[in-house]
Amino acid sequence: MVHPRFVFFAFLALSVLLAVMNEDSILSSNKGDSLCCNDHPEFGICTNKSCNKWCLQGCTRGGFCKRKICHCYC
């Protein structure tokens, strides 16, 4: 029979692993590299149509021009 302590630690390790792998997690390693919820001055000249299309490559809600800078929705 499997020891209950082993099951608890396996469950805990799996939970931590899934928390780190989830893109929306606060523990995510690629939070700064995310398109969503960020301004992107590297995009260049901003038009709402082109900014929205560019943001849809990594965000489900698209984006808009915020003070002449492309901003992707959260």
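Cβ coordinates are placed from backbone N, Cα and C, and glycine is handled just like the others.
Per Swiss-Prot, Cys72 makes its disulfide bond with Cys55 among Cys55, Cys65, Cys74.
In Swiss-Prot, the cysteine linked to Cys65 by a disulfide bond, out of Cys36, Cys37, Cys46, is Cys46. Looking at Cys70, Cys74, the record from Swiss-Prot puts Cys51 in a disulfide bond with Cys70. Listed in sequence order, the disulfide-bonded residues from Cys36, Cys65, Cys74 having a Cα within 10 Å of the Cα of Cys51 (disulfide bond) are Cys65. Annotation: Cys55 are the disulfide-bonded residues among Cys46, Cys55, Cys70 whose CA atoms are within 10 angstroms of the CA of Cys36 (disulfide bond). In terms of C-alpha distance, the listed disulfide-bonded residues Cys55, Cys70, Cys74 place Cys70 closest to Cys46 (disulfide bond).
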